[in-house]
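**Q** Got a structure for you, written out below as structure tokens; questions coming shortly.
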Amino acid sequence: MNEDQRLLFLSSSSHFPPPQGVKLSYGTSGFRADASILQSTVYRVGILAALRALKTQSVIGLMITASHNEVSDNGVKVADPSGGMLSQDWEPFADTLANARHPQHLVELIAEFVQKENITLDGAKSVEILLARDTRPSGEFLLEAAKQGIGSIIGAVALDMGILTTPQLHWMVRARNGGVKASETDYFKQLSSSFRCLVDLSPSGTHANNVDDKLVVDGANGVGGEKLEILKTMLNGLAIEVRNSGKEGGVLNEGVGADYVQKEKVVPFSFGSQDIGLRCASLDGDADRLVYFVVPSTSSNKIELVDGDKILSLFAIFIKEQLSILNKEIDVKAKNGYQCHLGIVQTAYANGASTDYLKQLGLEVTFTPTGVKYLHEKAAGYDIGIYFEANGHGTILFSEQFLCWLKARTTELSAIAKGSEQHKAALRLLAVSELINQAVGDALSGVLLVEAILKHMGWSIQRWNELYQDLPSRQLKAIVDRSAVVTANAETVAVTPPGIQEAINAETAKHLRGRCFIRPSGTEDVIRVYAEASSQDAADNLAHSVAKLVDQFLGFGSS
């Protein structure tokens, strides 16, 4: 690091002293906290993003959002060259950078890190960092802090992409590094054209069967509702009514949004008896989560939830069907053969009924620890990997090898069997790979894929929801030292403290279709308890009895 660079760090960082008594940690959501204490952290993440761009010699993204959190919160996270999350190898450095107490310490940390990572700070190479924020009022001043952080590295250029959904920014980073056009208009064009392609390839006769063309969407008073208003003008054959778009004066994520709907299982604000039986969907604050729901014909405000597990199941059925059609009469030993490895990835929080259903379809289901970064990494190991969490965050990943084969096979079929079922199946799979956001979970692309598949199947939302019946479940938390619990087998088995897993097994065995696990929270100093059973009373009893076990082994009766 030359003297000019060192002085620039010292000068700029002096304007962003870290808040006293606060220690932040970079997790799946990046850094997230009350917006009033985040300025220095966002400045430092600007430095982090610029260093990452220099290290990878690629375009990097920086997103300012707190997703489904309340409006007073905000957060910041980095998008890697693939459009995915920041490499886990860099998370410890992100923590030390954010928590450095004074400018001199900050410069020492950076100097040590760039030497270890062999990053040259001489301004000889220019790199670009794409910046975006959601609609939170605090986003504007935090964006300026990010620009200052990026500008403190000679040769780093910040490009402000404006107000975007989180998935839009991730998509743009992936597109830019893939050498394709990456504006917001390009994003909308790709989604709308691939949706149109899928709808046009729907089997004749299913278009109007049981599928109402109207979809009512809760935009969480966030950026997703705003962007969906633009996207819907580019769609034919699907009427979308957006409520809680943020223009009506509602508060971001307050009584609205996918997180609220999924956890509370009640209608969001502005929905009610007028929507009985309609197909409804809800986005979260930054539009990376999606759930569907039905308002039943009762006087209560309860809903029938169609969550991420059901979305995953719908996608899996469709992909499996297209692969079966495509592989008909193919000689796998011949040049045109390809044994596509399709895999489904879930966490232990997936409802057991969904896992049973997917396995009954003959699909390969694997589990990872909780967290999108683990799901995404596992899904990337398949030719087609589908992952979703019950909260509605997920996507479909296609391997480059499979896509290359699929494109060649589509060309071949268009020459020898144009319009055949195999040709259509190949075109559908290609359209899915264009429509779904392969960088990250994306509620806008997800909602269009759901709608296209429902049209293809000729299914109403009620028919979709009847694929299987969720097992009743209960989640609790015990306020104990989370470091005392160590888990294995994708967090389904407690290894320490000794004896607790045997005690959990004994409680679980008392309940029909019982399943229970404990895991340390990734965000709070608590142990989370998840239980399932054949009835709600049984699930409640199992969760409470295991929470008591956690207290007995580790705590003070505080669950």
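Quick reminder: no glycine exception, Cβ is built from N, Cα and C everywhere.
As annotated in TrEMBL:
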ACT_SITE  Ser67  active site, phosphoserine intermediate
BINDING   Ser67, Asp284, Asp286, Asp288  Mg(2+) binding site
BINDING   Glu389, Ala390, Asn391, Arg519, Pro520, Ser521, Gly522, Thr523, Arg528  substrate binding site
DOMAIN    56-89  domain 'Alpha-D-phosphohexomutase alpha/beta/alpha'
DOMAIN    307-459  domain 'Phosphoacetylglucosamine mutase AMG1'
DOMAIN    496-548  domain 'Alpha-D-phosphohexomutase C-terminal'
**Q** Just to verify a number: CA distance, Asp284 (Mg(2+) binding site) to Pro520 (substrate binding site), in angstrom, no decimals.
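**A** Computed Cα spacing between Asp284 (Mg(2+) binding site) and Pro520 (substrate binding site) is 25 Å.
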**Q** Checking distant contacts: for the domain 'Alpha-D-phosphohexomutase alpha/beta/alpha' (56-89), what same-chain residues at least six beyond its ends satisfy Cβ-Cβ under 8 A?
**A** 26, 28-36, 38, 41-42, 45-46, 48-50, 125, 127-134, 136-139, 142-143, 146, 150, 164, 166, 169-177, 220, 251-254, 257-260, 284-286, 288-289, 372-373, 376, 438-440
**Q** Reported in the order helix, strand, coil, what are the DSSP residue counts of the domain 'Alpha-D-phosphohexomutase alpha/beta/alpha' (56-89)?
**A** 3 helix, 13 strand, 18 coil
**Q** Determine which residues of the same chain, besides Ser67, Asp284, Asp286, Asp288, have their CB within 8 A of the center of the CB atoms at the recorded Mg(2+) site, and list them by sequence.
**A** Thr65, His68, Asp134, Thr165, Thr166, Gly222, Gly224, Ala258, Leu283, Gly285, Ala287, Arg289, His393, Ala443
**Q** Taking only the residues in the domain 'Alpha-D-phosphohexomutase C-terminal' (496-548), give me the average pLDDT of this model.
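**A** In the predicted model, the domain 'Alpha-D-phosphohexomutase C-terminal' (496-548) has a mean pLDDT of 94.
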**Q** Using a 10 Å cut-off between Cα atoms, which of these recorded positions sit near Asp286 (Mg(2+) binding site): Ser67, Glu389, Pro520, Gly522, Arg528?
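**A** If one measures from the Cα of Asp286 (Mg(2+) binding site), the recorded positions that come within 10 Å are Ser67.
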**Q** I'm trying to understand the geometry here, so how far is the Cα atom of Gly522 (substrate binding site) from the Cα atom of Ser67 (active site, phosphoserine intermediate), in Å to the nearest whole number?
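**A** One finds 17 Å between the Cα atoms of these residues.
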**Q** Whole-number answer please: how many Å between the C-alpha atoms of the residue listed as 'active site, phosphoserine intermediate' and Asn391 (substrate binding site)?
**A** 13
**Q** Look at each of the binding-site residues, Asp284, Asp286, Asp288, Glu389, and point out the one with the fewest other Cβ atoms around it within 10 Å.
**A** Glu389
**Q** Distance check, please: Cα of Glu389 (substrate binding site) against Cα of Asp288 (Mg(2+) binding site), rounded to an integer number of angstrom.
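**A** About 12 Å separates the two Cα atoms.
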**Q** As a test of the contact definition, list every same-chain residue at least 6 positions from Pro520 (substrate binding site) whose Cβ is closer than 8 Å to its Cβ.
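**A** When sequence neighbours closer than 6 are ignored, Pro520 (substrate binding site) has Arg482, Ser483, Val485, Thr487, Val526, Ile527, Arg528 within Cβ distance under 8 Å.
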**Q** Given the recorded positions Ser67, Asn391, which one's Cβ is surrounded by the fewest other Cβ atoms within 10 Å?
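**A** So among Ser67, Asn391, the recorded positions given, the one with the fewest Cβ atoms within 10 Å is Asn391.
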**Q** Which is it, of Gly522, Arg528: the one of these binding-site residues whose Cβ has the most other Cβ atoms within 10 Å?
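**A** Its Cβ has the most other Cβ atoms within 10 Å: Arg528.
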**Q** How many Å separate the Cα atoms of Asn391 (substrate binding site) and Asp288 (Mg(2+) binding site)?
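**A** Asn391 (substrate binding site) and Asp288 (Mg(2+) binding site) have their Cα atoms 10 Å apart.
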